[in-house]
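Residues annotated as L-glutamate binding site in TrEMBL: Arg41. What TrEMBL lists as pyridoxal 5'-phosphate binding site is Ala75, Ser76, Trp101, Thr149, Asp168, Gln191, Asn233, Thr234. Annotated domain 'Aminotransferase class V' per TrEMBL: 5-344, in sequence order. Look at TrEMBL and you will find Lys192 tagged as N6-(pyridoxal phosphate)lysine.
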Amino acid sequence: MKKHNFSAGPSILPQEVFQKASEAILNFNDSGLSLLEISHRSKDFVAVMDEARAIVKRLMNLGDDYEVLYLQGGASLQFLMVPYNLLSVDGKAAYTNTGTWAAGAIKEAKMIGNVDVVATSKEANYSYIPKEFKVGSEYDYFHCTSNNTIFGTQMKEFPKVDTLLVCDMSSDIFSRELDFSQFDLIYAGAQKNMGPAGATLVVVKKSILGKTGRTIPTYLDYAVHIDKESMSNTPPVFAVYASYLTLKHLEDNGGIAAAEARNNAKAKLLYDEIDSNPNFQGVSAIEDRSFMNVTFTLTDESKQEAFDAAWKAAGISGLNGHRSVGGYRASIYNAMPIESVQVLVDVMKSI
Ligand SMILES: *Cc1c(COP(=O)(O)O)cnc(C)c1O
């Protein structure tokens with residue numbers, strides 16, 4: 001039986017993507033060869049890479065001043081690549097600390113240069129998004145995390161800053177319409193909302209590069225990857241192909257606008273149950289609630305055994321909260337059908 005998979009990442013993808021990706025492993029484009037055994041420089045794979053990059057620009061409505069890259073190393077390597085490429089030798093960067101991943105980004109940036117944490121919600125176990133801060137032109141860039149996967153908070157608006165705007169969108173990329181042109185650099189590990197683990201998306205405005213006065217190691221240099229069209233070394237061909245299929249599926253099903261409408265309906269269904277059912281309570285500030293990772297707890301711990309047994313029996317998997325928060329976390333990424341959310345809500349009503 002196919003499970004209702006609420007895992008935070010790697011996570012659910014459209015069933016059709018699993019199907020097509022499996023076919024390509026056995027026989028890619030009717031070539032008689034597996035996707036896994038052909039050269040990444042073959043005509044068929046170069047076409048995949050080109051289209052995977054083009055589709056991102058179409059979905060985000062971005063022009064030729066932006067470049068799209070598929071790299072490796074996950075969002076975690078971007079924690080390092082961003083300061084290497086944007087933080088000048090004697091400059092400083094501004095960061096908000098809104099969760100475990102933001103803290104990880106800050107830690108890496110501090111290895112490269114000067115970092116100011118301009119706002120944090122750490123004192124409240126990251127249960128809200130801090131909003132009262134200013135970032136001036138004395139900073140080389142400002143870095144934020146759009147969705148805090150572990151704690152279940154999400155930035156609903158992005159601050160106007162007098163410097164470059166950089167965002168880790170790993171866990172809510174392509175989930176809602178945004179003016180993507182307000183960002184100078186966006187990155188995301190693919191495995192939350194746009195593909196399998198192994199590929200990392202970077203969208204960068206070309207004109208911001210080459211200004212730090214640093215010597216950048218080859219793999220860490222965005223300019224190298226731009227120049228080589230994401231083929232500076234062997235790309236993760238399977239992960240890029242499955243990401244391409246995922247984004248194509250999104251585009252063919254109404255694009256980001258339609259995904260956002262579905263995501264809003266799913267989030268409303270689940271949060272309404274959390275708010276109206278006396279057995280449950282939300283974890284994060286209501287105005288900052290994530291529409292991707294819904295965190296909640298039981299009001300009465302003695303019901304835990306019954307609830308855990310009930311959701312497992314209903315075919316639900318991946319509902320346990322992260323160890324730093326406890327309770328439960330339902331990740332309802334783009335590919336999660338509302339029917340599966342309804343199954344969870346029915347279980348919540350039943351205990
Ligand atoms: C999962 C996650 C990461 C880490 O991604 P990796 O690809 O595993 O390095 C970073 N930031 C956010 C917001 C995440 O959700």
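Just so it is clear, glycine is given a Cβ too, placed from its N, Cα and C backbone atoms.
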Binding-site residues close to ligand 1 - of Arg41, Ser76, Trp101, Asn233, Thr234, only those whose C-beta is under 6 Å away: Ser76, Trp101
Long-range Cβ environment of Asp168 (pyridoxal 5'-phosphate binding site), under 8 Å and at least 6 residues apart: Ala75, Gln78, Trp101, Ala102, Ala105, His143, Cys144, Thr145, Ser146, Tyr187, Ala188
Cα-to-Cα gap, Thr149 (pyridoxal 5'-phosphate binding site) vs the residue listed as 'N6-(pyridoxal phosphate)lysine', nearest whole Å: 9
Asp168 (pyridoxal 5'-phosphate binding site) in three-state DSSP notation: strand
Integer Å distance between the CA atoms belonging to Lys192 (N6-(pyridoxal phosphate)lysine) and Arg41 (L-glutamate binding site): 27
Integer Cα-Cα distance in angstrom, Ser76 (pyridoxal 5'-phosphate binding site) to Lys192 (N6-(pyridoxal phosphate)lysine): 14
Cβ neighbour count within 10 Å of Arg41 (L-glutamate binding site): 10
Rounded Cα separation (Å) that holds between Asn233 (pyridoxal 5'-phosphate binding site) and Lys192 (N6-(pyridoxal phosphate)lysine): 24
Cβ-based isolation winner (fewest other Cβ atoms within 10 Å) among the binding-site residues Thr149, Gln191, Asn233, Thr234: Thr234
Cα-Cα distance linking Thr234 (pyridoxal 5'-phosphate binding site) and Lys192 (N6-(pyridoxal phosphate)lysine), given in Å to the nearest integer: 23
Asn233 (pyridoxal 5'-phosphate binding site): secondary structure state under DSSP, collapsed to three categories: coil
Farthest-apart CA atoms of Ala75, Ser76, Trp101, Thr149, Asp168, Gln191, Asn233, Thr234, residues recorded for pyridoxal 5'-phosphate, distance in Å: 30
Other CB atoms, at most 10 A from the CB of the residue listed as 'N6-(pyridoxal phosphate)lysine': 28
